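What Swiss-Prot annotates here:
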TRANSMEM  48-68  transmembrane segment
TRANSMEM  85-105  transmembrane segment
TRANSMEM  112-132  transmembrane segment
TRANSMEM  140-160  transmembrane segment
TRANSMEM  174-194  transmembrane segment
TRANSMEM  202-222  transmembrane segment
TRANSMEM  277-297  transmembrane segment
TRANSMEM  317-337  transmembrane segment
TRANSMEM  358-378  transmembrane segment
TRANSMEM  383-403  transmembrane segment
TRANSMEM  408-428  transmembrane segment
TRANSMEM  455-475  transmembrane segment
């Protein structure tokens, strides 16, 4: 049996004529209240906010150690600068691994279980970081904590695909994708004060307490949303109650032990990474932007403490500018992307296409490079602190606009396998986030903040124009070359 068999074209709403097969288990009607897409808005958004809260934890915990690296290095007698940077970067490296495992497993066991297991792993090993006695223990515990906290980063897009129709996804993606981007800006603001007034251990213990609170909320409130899991469980119950094995879903996987589905599920994102042109293009775009974001964020403390001579607690407040940009970009893009999508859909005789998400990416192409230019040259000439902060806010607006379009494009294209497709993007972007900061300070030392950020701006501008052109003019062709895409252009 082909375990990777595509479902029928109507998988988005599961509208299947059960008269042809009385044993086919599907939604009772297009308005079936058990279908997560038909849940009331309050229940949908409760799920989304919980998953977003989980997704906030990892990036926030990853960046919180930045202002305290000197404290941690002194505690463990770390002299080598690479070993010191590894305390931060090892967390980002595991972000590339975890979603490639958690996302496909959620397409076997469901979203809820994977989210909660990942959170428990994070709670245990993040607490252990505060208790570490050697640098080896710190590296190991940081790696394992990162593995657990990165689980939601691979499941967020899949959850959106489960809950929202294409016309509704813009605002949902706006909230979901804000979390992993807002985390790195919130973390240093909090840890800047921790570094100045208390011990580094409270970096780990504070995030553990917050994570435990979110986990407690999830126990009664977090529901399963994945259609395969919900319908598969319904088929199993019917077979058990009637002592038969005739009931099945459109995927015909109910009679296969779940462990046998694990291997093909784990191979799915790997296949996407190397064989699906549309995934490769979108992942490369996101990697460049995320890598540049982390390059700037990790060199932020140096700019404010060494060039502007601010105390760590005050220097950390400059991250608020990035947070403002992300929040503004999130709200603006959420409105813009849905309105643009509906407008283009009407012009296309009511037929949707993933390419209708491209205009919001194009809008981000202006803000991101412009913000980098402003940030770089105001920092170069030591203008008032508001100058670099305005630049940081601008490029974060552009980052959010671009991300919104790319993530929604992947969700529209891969539908029920949205989690796997976005896990690939998460993997590639996390590798970039690990690698880019390694040369960031050397680049600024050589080129200065002005030309260094100008170079980054030109890279963003070029990659964005290429990506937008390929998606808008050749997206349909690229999707045709990507055999795992579920969206059909005649739908």
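Note that Cβ sites are derived from N, Cα and C of the backbone, with glycine treated the same way.
Highest Cβ contact count with the transmembrane segment (48-68) among the listed stretches 202-222, 358-378, 408-428, 455-475 falls to 202-222 (criterion: pairs under 8 Å). Comparison of 85-105, 174-194, 202-222, 408-428 by number of C-beta pairs under 8 angstroms to the transmembrane segment (317-337) places 174-194 first. The stretch from 112-132, 140-160, 202-222, 277-297, 358-378 that makes the most Cβ contacts under 8 Å with the transmembrane segment (408-428) is 140-160. Counting C-beta pairs under 8 angstroms (sequence separation of 6 or more), the transmembrane segment (85-105) reaches the transmembrane segment (140-160) with 3 or more such pairs. The stretches the transmembrane segment (202-222) and the transmembrane segment (112-132) are in mutual contact, each linked to the other by at least three Cβ pairs under 8 Å (pairs 6 or more apart in sequence).
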